[in-house]
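Undergrad: Below you will find the structure I want to go over with you.
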Amino acid sequence: MRISKPHLRSISIQCYLCLLLKSHFLTEAGIHVFILGCFSAGLPKTEANWVNVISDLKKIEDLIQSMHIDATLYTESDVHPSCKVTAMKCFLLELQVISHESGDTDIHDTVENLIILANNILSSNGNITESGCKECEELEEKNIKEFLQSFVHIVQMFINTS
């Protein structure tokens, strides 16, 4: 399975820029530019990753159109901004149900990619603890279409606050 990591492309571009400027590394200012360039190459590009998560959700939605999956999933339809990480973790757990219920390798691969992308973004934000949020099992059960719509909504909340 190939995991798409578009943020690595920006790192290679920054490395090429460093090579173009290599003649200036002999000065103190050039060394500072080089060090700052290396730091910026490692910074997460969360907005781009969330866009890729939405893209994977759309792909899953397209793939399940041709199947009949009669599953209900725990869905947070009214996410409070202070509980968005907890809600995202519930959505990621429920995605595994879609993967299992479908039995389709394309859906499975897309779900795995989406989970990896989302977990990488969440881990780059540090361990955020939220209190007063609903547990996954306390959420309302909804069909897959409503689940995916709510999932896109919460991802957009992450994009708007990054």
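Cβ from N, Cα, C; glycine included.
Values in this document were obtained by computation on a predicted structure and should not be read as measured data.
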Undergrad: For the disulfide involving CYS133, grab the partner from CYS38, CYS83, CYS90 as Swiss-Prot records it.
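TA: That would be CYS83, the partner Swiss-Prot lists for CYS133.
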Undergrad: In Swiss-Prot, CYS136 is listed as disulfide-bonded to which of the following: CYS38, CYS90?
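TA: Between CYS136 and the options CYS38, CYS90, Swiss-Prot records the bond with CYS90.
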